[in-house]
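**Q** Pulled these from TrEMBL:
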{"type": "DOMAIN", "residues": "B:39-147", "note": "domain 'PurM-like N-terminal'"}
{"type": "BINDING", "residues": "B:41, B:86, B:222", "note": "Mg(2+) 3 binding site"}
{"type": "BINDING", "residues": "B:41, B:56, B:86", "note": "Mg(2+) 4 binding site"}
{"type": "BINDING", "residues": "B:58, B:133", "note": "Mg(2+) 1 binding site"}
{"type": "BINDING", "residues": "B:58, B:86", "note": "Mg(2+) 2 binding site"}
{"type": "BINDING", "residues": "B:65, B:273, B:328", "note": "substrate binding site"}
{"type": "BINDING", "residues": "B:132, B:133, B:157, B:224", "note": "ATP binding site"}
{"type": "DOMAIN", "residues": "B:162-314", "note": "domain 'PurM-like C-terminal'"}
{"type": "BINDING", "residues": "B:225", "note": "Mg(2+) 5 binding site"}
C-alpha cells in the first residue's frame, strides 16, 4: 500500500489479518482441488465429479467445551478431530475446512501451538484450510468441514433395519474418565492416567473406518454425546428399537484396571466425546465386515441388535439393566 | 427414545439441539441440490458440474462487531449479508451455509427474530441452511457460506491491470454514518437518520451485480473495511497502483444533505461496512458494463484508474488529496 495509506496499518483489522495469515495460511494439507486459497474474498475449490459434499460445523467455547488451561496444541488438534469424526460417520473423505477463531488477545506462543495441533490433524487427514476469520472476543473456535462422498453412498442415521447388528469401534468411556481426572473428580496416576487424558485431548476420528463401511453399514453415527444418547438418534431417525448387552461394550485395559466395573459402564454408556463410530450392519454383510475394517486399523465389537419398536433395551447377563439403580454420577 | 433413557432429556445438549431444530431447520431456501438437510452428522449437497465452490466465513462478536441492543432481526439478516457480499465479490451464486451461534441463554423471542432476519436473506438470495451448532457462551455468530461459480470464471482481487477503470457500486459511507448515529457521535433525526441506520443494519450484498461482472471485470472486492483499505488489497494482489478522484466517490442524497463534504468524504473513504463492490474493468469492456449491470438494479460509478507502481494516489480536483490535513475522525 502507498505511503498515503500507511496510517491504516495500525488498525485492528490489518493486525488480525496478519495473524491469521501468519499462523494459519498453508498450514493445512495442500490439495490440487484448491484453486484459490485464503487471501481473497472467498476460496475456490473444485469438487470431484459424481460426489456429494458432506458439510458439518462445530463450535468449541472456552469454559463450556474446554478448560482455559487446555494445551493449545491439543485444542487445535481436537477442534478439527471432532469435525472429522462427523465426516467419518457419513463415510466421507475429508477435503476442505474454514476456521473461525475468536481470541481475547493475540498470544503468539498460544497461536503457534494451536496452529501446530490443527495442522498436524489437517495434514494427516488431508484437509486444506481454505478460509478463516480471526476476531477479538471470548475464546472460541468454529470449524466448518467439507468432505466428499460418492453420491448416494453416504452413511446416515436413518437406515438401520430390524435384525441389523450393532457395532462400535475402539473402546468407550476413556475420554470421559480423562475429563474427570482433569476436573479432579478422579485420581488416577501414571501411565493409565496419562492415557485417559490423551484420549480426551486427542480423540481419533475413524475416518478410514467410516469410508470402509460405506458399502456395508446400514446406518452410522459418531459417539460424541455418549452411547445411550447417540444410539437414540439412530433409533429415532431409523424408526426402530434396539437391544444392547452392556457387558459387550468395549472397555480399554486401562479402564478395566482403573475403576470398578459399574463406574466403567457409566463412562461407556454416557460419558461422551469418544468419537468412535456406532454403526449397524445387516446380517448379509457381517462376513465382509472383518475384511473391510482390517485396513483401517481399528478394533470393532458387536454390542447388540436392532429390533422393532422404538425403545432401547439395555441387558446385562440376559437381565434388564437399570442404570438408575447404580447411581452413576454421569446419569 | 425409550422410557429408559428419558432421564437424558433434561441435559443441555438435547435442549440446545431442540432450539436449533426449532428456530433454524428449514428456515433457509429449499434447494433441490440439498440431498440431506440438518439432522444427521453432516448435510449432503450435490454441486453442479463444471462449477467451482466459493467458500467464505465471517464471525460477528457482540460488543466487537455489533452492539448488544442491535435488533435481533437485523443481526440475523446482516450475519448472512456480509457473507453473501464475499460471494458477490467472486461473482458466485449463493448456495449453502452453516450457522454456528453461541448464546449466553436461550431467549426465544430473540431467537425467533434472529431467525426471521436470517431466513429473509436466505430465501431472497436462495441459500439453504444445511448445518449448524448452537452453543452456550458469550454471544457470537459464525456463518460459513458456499457459492458456486463456473470454473475459471470467478472474480478475484488479483487481475487488475494498468489502464483498467475503477468502479464502485451504490453509495459509500452511509453505513459508517449510521454506526456513528447509533454510537451517539452524530445526531441526525428523521428520515435520513433512519436511512443511515438501516444501511448499517441491512446492507445489500451485490450478488446479481457480481455475477453480471464475471465476464467483464478484471478484479473485484467487496467494501467491508472501507474504500482505502479494500482498494489496497486489489493493488497488492494485482501488483498495480491506482489514481482515484475522491470527488467522484458516490455519495447518497442523504449523506450530502446531512454532513459537510469533508466529513462525507471521510465516511466514504474509510467508513467501512458498505458491502458495495469495488471492481476494475478493462477499456475494451467499458461499453458492455452498462448493459450487464442494468438487470442487477444497482447504480455504479467510475472513480479512478489503475496505474503502474504500487501506490494509491488520491486526487481532488486534480490536486493531491491529503486526508491527514482534514482531521477526519475515522482516519
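Any Cβ shown, glycine's included, is placed from N, Cα and C.
Unlike curated records, TrEMBL annotations are generated automatically.
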**Q** Do any residues at least six apart in sequence from residue B:65 (substrate binding site), in the same chain, have a Cβ closer than 8 Å to its Cβ, and if so which, in order?
**A** B:59
**Q** State the three-class DSSP label for residue B:157 (ATP binding site), counting H, G and I as helix, E and B as strand, and everything else as coil.
**A** coil
**Q** What is the Cβ neighbour count of residue B:41 (Mg(2+) 3 binding site) at a 10 Å cut-off, with all protein chains included?
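**A** For residue B:41 (Mg(2+) 3 binding site), the count of other Cβ atoms within 10 Å is 28.
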**Q** Let's check the environment of residue B:56 (Mg(2+) 4 binding site): how many other CB atoms sit within 10 Å of its CB?
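**A** That number is 29.
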**Q** Taking only the binding-site residues B:41, B:58, B:133, which one has a CA atom nearest to the CA atom of residue B:157 (ATP binding site)?
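**A** Result: the closest of the binding-site residues to residue B:157 (ATP binding site) is B:58.
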**Q** On the three-state reduction of DSSP, what should I expect for residue B:56 (Mg(2+) 4 binding site)?
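**A** Where residue B:56 (Mg(2+) 4 binding site) sits, the three-state DSSP reduction gives strand.
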**Q** These are the binding-site residues: B:222, B:225. Which one scores highest on other Cβ atoms within 10 Å?
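**A** Its Cβ has the most other Cβ atoms within 10 Å: B:222.
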**Q** Residue B:133 (Mg(2+) 1 binding site) to residue B:41 (Mg(2+) 3 binding site): how many Å between their Cα atoms?
**A** 11
**Q** Please give me the binding-site residues out of B:41, B:56, B:58 that lie within 10 Å of residue B:224 (ATP binding site), comparing Cα atoms only.
**A** none
**Q** Helix, strand or coil at residue B:222 (Mg(2+) 3 binding site), per DSSP?
**A** strand
**Q** Take the binding-site residues B:133, B:224, B:273 and keep those with a Cβ under 8 Å from any chain A Cβ; what remains?
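**A** The binding-site residues close to chain A are B:133.
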**Q** Select the closest residue to residue B:41 (Mg(2+) 3 binding site) from the following binding-site residues, measuring between CA atoms: B:56, B:58, B:132, B:225, B:273.
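**A** Given the candidates B:56, B:58, B:132, B:225, B:273, the nearest one is B:132.
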